[in-house]
Structure formats: C-alpha cells, structure tokens
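Just below is one structure, and these are the notes that go with it.
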Amino acid sequence: MKTCQAKWLLSLICLAFLAIRVPIMYLQPGGQDEDCYAVPGFTILSSGIPKLPHVPARNPESVYYHADEALYSEPPLYFYYQAPFYLIFPAVYGTARLASALAGVVLLGLVYRLCREIGISSIASLWTVAMLSISRWFYFPATTARPDILCATFGVAVILMLLKWQETRNVKSLFLAGLGIGLGGLTHPFAIVYAIQAAAWVAICSRGWQRLRNPLILGAVAGLACSLWIPLIAMHPEVFRVQFTNQLLSDYGPPLWERAIFPLESMEYHARHLWAHIGTLQAIVVLAGLTMTSLHAFRSAKTHLLAVCLCAWSSIYILSVAVGTHHPTLGYWVYFAALAFPSVGAAIEQLFEMQERVTIPRTSPNFARAGYNNEIRSEPKDDQTTRPPPRPENGGRKNWPFYFAVVSLCAFVFLPGSGLRTLAVHLTHLDDPNYNSPRFARNLIQSMPAQSVYAVDTQFAFDFVASGRTTLLAQIMPQYFQLQETQYDYLILSRYGDQSELERHLTVKFIHAYGLKEDKWACYAELYSKKLPDTQP
C-alpha cells in the first residue's frame with residue numbers, strides 16, 4: 001500500500017472515531033471524576049491557575065485541601081492543555097472530553113507509527129489502529145475528561161524516540177525522550193511507568209561510561225520539564241505539600257517495597273477490575289496476541305518488536321505495583337493497550353502470511369525452485385536483470401473466506417461495548433432535552449433561584465459552576481470533601497448520587513424530580529432542600 005493511501009485511511013479511521021464519539025461526549029452528563037477534572041481548565045481562563053471553586057475543603061486529610069485556591073493533587077499540564085478548548089467551545093463536559101478525544105487521535109497516529117517502526121505492514125498497522133479505536137481499552141480514557149490519554153500519548157512518543165535512539169544512537173533522540181517523560185510527568189503521575197522503562201532501556205543498551213551518562217540525560221531533561229510546575233507551587237507551598245502528600249504519599253496498604261517484591265496481590269486487584277471493564281473477549285485477544293508476538297520476536301531476534309513487547313509486559317507489573325490496591329485505574333491501562341495492540345496486529349499479519357503460504361499451489365515440480373519467497377532467484381539470461389520470479393497466479397488470489405472470518409471475529413470481539421447502542425439511543429432522541437445533558441442542565445439551572453447555594457453531584461456539577469451559580473460538590477468522603485460541614489440551600493442529586501443514597505447521610509428534604517428515572521440513557525436529577533434544625537419554643 002502506498003504511503004499516501006495509508007495516510008488517507010488512517011485519517012478516515014480517526015474521523016470515524018470522532019464521528020462516533022463526539023455526539024455521545026456532548027450529550028451525556030458528567031461521569032467518574034469529571035466533576036473535578038473538567039473544572040480546572042475552565043478556571044485557568046479567569047485566574048490563570050487550576051483550581052476547584054466548588055470544593056473548598058479545609059480538612060487536612062483531603063486531597064483537595066484548599067483546592068478552591070489552587071489544585072496540586074494532579075499535575076497541571078492537562079488543565080492548561082484543556083483551557084483553550086473553552087475559548088472556542090461551550091463550557092460543558094463535552095468540551096473537556098473533546099480535549100481528551102483529540103489527544104486520543106494523536107495517540108492513534110503514534111500507534112500507527114509504532115507499528116511501522118517494528119516492522120508491521122501498513123495494512124496490518126491500519127487494522128491495529130482501527131481495532132484500538134473501537135476497543136474498550138480506548139473508549140473510556142479517550143472520551144472522558146481525564147488526563148490518562150494525554151499522559152499515555154507522551155508515553156508512546158517516548159517509546160518511539162527510544163526506538164530511534166537505539167537505531168541511530170543520536171543524543172537528540174534521548175533529549176526528546178526525556179522531554180516526553182517530563183511532559184508526561186506534568187500530566188499525570190503514572191508517567192513513572194515509562195520513566196522507569198526508559199531508564200532501564202537506555203542503561204541496558206548503552207556501553208561503558210554511557211550507561212551512566214545516557215540515563216542522566218533522560219533524567220535531567222525530564223526534571224527540567226517538570227520544573228515548570230515550580231512557579232505554581234511557589235504560590236501556595238503549604239497547600240501543595242498537603243494535597244501532594246494526601247494524593248501520592250499516603251499509606252494505602254502494603255509499602256511500595258513490599259508490593260514490588262510481592263506483586264501478585266496488586267496485579268490480581270487490577271486484573272479483576274480491568275477484566276470486568278474490558279470484557280473477557282477483548283482481554284483474551286490482546287493477551288494472546290501479545291504472547292504470540294513476543295515469542296515470535298524472541299525467536300526471530302527482532303529487537304524493535306521485542307523491545308515494545310517487553311515494555312507492554314513490564315507496564316503491567318510497574319503500574320500495578322506503583323498504584324497498589326487502594327483504587328482501580330481503568331484509564332491508565334490505555335498506555336499498555338497502545339503497546340499491546342501492535343502485537344495483535346502483528347499476530348493477525350502472521351496468520352495472513354501462514355494462510356497465504358498454505359494456499360500457494362504446489363502442482364509444479366519446480367515449485368521449490370520458483371523462489372516464491374525470494375530466497376532462490378532465477379539465473380539471469382542474456383541481458384536480463386535478476387528479479388524475483390512472478391507470484392504463482394492462484395497463489396496471488398486472496399482467500400476471501402479466511403479474510404471474512406478474521407473481519408467477523410474482530411467485529412465480534414470489539415464492537416460489543418463500543419458505544420454504538422448509546423449513540424443510536426441519543427441520536428434517536430436528539431430533540432428530547434432529557435437525552436441532552438447540556439440542555440437538561442440549563443433548564444434545571446434556569447428553574448432555580450439565582451442567589452442560592454447549590455450542592456451538586458458529579459453529573460451536573462460543572463454545568464452549575466460554569467453558569468456562575470455558587471456551587472459545592474455533593475460529596476461527603478473525608479479524603480475529598482465533607483459537604484455535611486458546610487452551608488448550602490439546595491442539594492441536586494443525579495443518578496450518581498442517587499445510587500450511593502447520598503441524601504440519607506444529609507439533613508435534606510425531597511422537593512422534586514426531573515427527567516426520566518426509568519430510562520438509564522436519559523438524564524435524571526432530584527432536588528432537595530436543606531432542613532433547618534428543629535428549635536424548641
């Protein structure tokens with residue numbers, strides 16, 4: 001396939017991904033953690049720094065301690081990347097998700113490039129990108145307002161730079177890899193995964209005194225990039241210390257050294273949660289493809305392919321050990337998927353090659369001397385130049401039933417859970433505000449008194465913040481925010497808060513319900529007023 005054709009097809013895959021995902025991203029209400037990840041980019045436009053005005057936590061065990069002044073529990077790069085989108089598009093959850101989706105498009109392009117670098121054909125590389133784009137591995141991080149996908153994008157860029165460095169030994173590639181590590185660290189702490197991989201890779205592949213110099217170059221450049229956070233930290237150093245300590249240095253389960261030596265508990269924990277999210281078929285296909293390709297790379301001594309496979313396997317261990325068992329990390333695994341899916345593409349390509357070899361007709365007694373695999377060439381005659389003999393006519397034909405079987409298998413594995421049914425439901429009810437979260441939230445806000453204080457949970461918190469209403473996050477967990485210790489007038493619970501029965505832990509009175517509770521695809525909210533304490537006459 002010509003390069004220009006491959007680029008056009010890659011562009012079509014990316015456009016198809018956006019066409020399927022963007023409508024859902026803009027029509028659905030907020031999801032897990034988006035009440036905190038979608039807001040800081042919006043506040044940057046007015047104050048220049050990321051913050052959570054709706055989470056004025058003052059309890060020192062909270063990861064959002066004084067987050068209404070500045071947010072330090074997450075590195076800031078993703079929020080500064082997110083902010084310009086609010087200059088162009090409406091301040092709704094969909095716009096925050098659009099930032100993640102575009103990072104996902106860049107990641108798809110990098111995965112295609114990674115496939116080509118490790119020797120996969122352009123057709124198989126396109127297959128790889130297409131499968132990844134509709135997979136459950138990619139769906140969640142690429143369509144939610146979270147920094148996972150951007151951090152993974154920097155990680156794959158680092159791997160590409162290291163492959164180039166391994167081939168050319170150019171110090172410039174090391175500088176770029178270090179820059180990618182630093183920018184990834186400014187995006188999300190799970191950049192530690194590819195930071196460790198890069199340091200080990202460079203140390204192993206270097207010789208002599210360069211085993212010390214090259215990792216130092218990586219570390220110095222990465223550290224210099226991360227130092228861009230220092231001016232923000234200097235504004236509120238004590239707030240940074242408390243938030244950063246609570247987020248990353250708190251004692252959750254066994255210590256790090258123990259998890260590193262005995263990793264099975266951590267790996268089992270993450271495998272259990274990830275398996276439930278990804279699904280059995282997709283998990284098995286990816287792990288089987290990675291295993292098959294790893295063995296092939298080891299036997300054939302394909303160093304680039306083997307290096308990527310080793311990075312995929314080691315990321316399972318490093319990520320599981322680094323996080324531990326205190327919370328699932330579904331979005332982080334898109335980095336593993338970006339490294340593992342090329343192995344699936346390589347495995348499919350091997351199957352195609354095996355099938356084609358089997359279907360080559362062997363009726364000719366001179367087949368072995370025909371040089372089909374270009375191993376034996378015909379002797380030139382007269383002035384004829386040496387060239388590979390023509391491919392046997394029947395051998396050049398595709399075994400279309402085999403190809404159809406592979407396509408059907410991929411569709412059977414990756415289409416379920418890809419969001420097509422969700423898209424169909426929302427497009428069918430496009431004119432119904434109950435299936436349009438921004439319209440639903442706007443109608444809800446307009447029906448409320450302007451001067452009141454609203455406690456709102458995940459699904460509509462950002463809508464209230466962006467509208468200018470005085471908003472608090474409806475959350476009672478001490479490590480986040482304790483709403484029960486603050487003053488508010490109304491409580492608004494969506495399905496998220498309704499499922500956790502948050503109202504039972506607060507002194508509130510039910511007033512009215514909005515939306516369609518019986519349809520899980522529709523928006524739904526309940527309005528409560530805060531009860532005044534009983535007074536004795």
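Cβ atoms here come from the backbone N, Cα and C positions, even for glycine.
Looking at 8-29, 118-139, 140-161, the range tied to transmembrane segment in TrEMBL is 118-139. Sequence-distant residue pairs (6 or more apart) of the transmembrane segment (175-204) and the transmembrane segment (216-234) include at least 3 whose Cβ atoms are under 8 Å, placing the two stretches in contact.
Panel annotation: around the transmembrane segment (330-348), residues 107, 110-111, 114-115, 118-120, 124-125, 127-128, 131-132, 135, 137-138, 140-142, 144, 146, 148-149, 151-152, 155-156, 159, 188, 190, 193-194, 273-274, 277, 285-290, 292-294, 296, 305, 308-309, 311-312, 315-316, 319, 323, 406 of the same chain, lying at least six beyond its termini, place a Cβ under 8 Å from a Cβ of the stretch. Looking at 118-139, 216-234, 274-298, 304-323, the range that has the most CB pairs within less than 8 A of the transmembrane segment (400-420) turns out to be 118-139. No contact links the transmembrane segment (274-298) to the transmembrane segment (85-111), because fewer than 3 Cβ pairs that are 6 or more residues apart lie under 8 A. Remote same-chain residues near the transmembrane segment (304-323) are listed as 114, 117-119, 159, 162-163, 166-167, 190, 192-194, 196-197, 201, 256, 259-260, 263, 266-267, 269-270, 290, 293-294, 296-298, 329, 332-333, 335-336, 339-340, 342-343, 346 (criterion: CB distance under 8 Å, separation of at least six residues from the stretch ends). Using a Cβ-Cβ cut-off under 8 Å and counting only residues 6 or more beyond its ends in the same chain, the transmembrane segment (216-234) has close neighbours at 49, 70, 72, 75-76, 171, 174-175, 177-179, 181-183, 185-186, 195, 198-199, 202, 240.
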